[in-house]
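Chemist: What follows is a structure written as C-alpha cells; I'll ask about it next.
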C-alpha cells in the first residue's frame, strides 16, 4: 500500500466540551493518507483552574503521537515546577520527558501496545514477567519505573511526532510547540501566530543541525525529516557529547506566554494538514464566517477539514491527516498585551513570537 488511499476516509472523530472558563470543539480525519497518525488531547480540568489542549502529528507511524496524547499532560501536571506555579518550565521538561519515557523496556512495551503490536492483555503479562526493579520508582516523581527485559537497551523510537499544546490557567495562556503544528489566536479578527513552524532551513535550526553533525538536503534533516524539532526521532538524538536541546533534532519547545483579554475571539491548534492548505489569516477568516451561523465548535472544525480536503492526490496539499481544536473563552478580561500580527507576512515566513522558558 502506498501513502495514499484510492478514496479518502472522510469519517471524522469530533468532540465538544466546556467548563466555566472556556468551551472547545475538535475534529480529526484520516483523509487520503493510508493510516491515521494524528492524535490529540483535550483536558478541560487539568486542575481546578487549568485546561490543557494539544495536537500531535505523527510521522513514521502513530505510536509517538498517541504516546504524547496519553502522557504529556500528565507530565506537566506532575512536575514540581508546575506545583510551584511555573507552567512554562513544566511544559519544557514534559517535552523532553517524553523522549526519556519512550526508552528502555517500559518505553518499548508502551509503544508496542499503542502500535497494536501487542494487545493490552499481552502488555500486562509482559509487564509481570519484566517487572520494575524494586525501589527504582521511588526516585521518579511520576513513578515511571525502570523495567528489566529483552528491550532494556531500547534507545527509543525512530518514528516521531510534533507537539503543539496550549495551557489555559486563569487569565494566562501558555503555548508550547515543537515541530510544524501551529497555534493561532484571533484577536479583533486578526490572526496572530503563537508558535513558530520548526523547519530545517530556519537559520537557528540550521546552525544547531550542522553543529551537531547533521546536514540539510532538499529542506530535510539528513535528507529525510522535514522538521527540525520533534518528540521521538531518536536516530537524530544519539550524540552522547551534546545535551538534548543541541541534538540534530530536539524536542525542545518554544514556550510563549500570552495574557488573555476581551479582544480574543478564539484560539486554534491544528496540524500541518490544515496549515498546508490555508494561511493563519485565511483560517481565522473562514472560522469567523462559520461562527455567524454555527454555534457548535466541532461542526466548525469539521467544515474546515472538508474545506481543506483535496479532490484528488495529484497536488499533495489537502491529502494529509487533519486535526483541529477550536477554543472560545468565557468572561475574558481587558489586557494591555500587544501581539505582533504574523498572518500578514508572506506565507511560511513567521517570526518567532516572544517566548519564556
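Just so it is clear, glycine is given a Cβ too, placed from its N, Cα and C backbone atoms.
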Chemist: 57, 272 bind Mn(2+) 2 according to Swiss-Prot; which of 11, 116, 201, 320 goes with them?
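Modeler: Same Mn(2+) 2 site in Swiss-Prot: 320.
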Chemist: Which stretch, out of 277-303, 331-357, is listed as region 'Disordered' by Swiss-Prot?
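Modeler: In Swiss-Prot, residues 331-357 carry the label region 'Disordered'.
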Chemist: For the recorded Mn(2+) 2 site formed by 57, 272, 320, name the remaining residues of the chain with Cβ within 8 Å of the site's Cβ center, in chain order.
Modeler: 38, 162, 180, 181, 271, 273, 274, 275, 276, 321, 322
Chemist: What is the number of other Cβ atoms found within 10 Å of the Cβ of residue 58 (Mn(2+) 1 binding site)?
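Modeler: So the number of other Cβ atoms within 10 Å of residue 58 (Mn(2+) 1 binding site) is 28.
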Chemist: How would DSSP class residue 272 (Mn(2+) 2 binding site) in three states?
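Modeler: DSSP call for residue 272 (Mn(2+) 2 binding site): helix.
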Chemist: Among all chains shown, work out which of the binding-site residues 57, 272, 320 has the most CB atoms within 10 A of its CB.
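Modeler: Answer by Cβ density within 10 Å: 57.
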Chemist: If you average per-residue pLDDT over the domain 'PPM-type phosphatase' (23-329), what number do you get?
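Modeler: Summarising the domain 'PPM-type phosphatase' (23-329) by its mean pLDDT gives 91.
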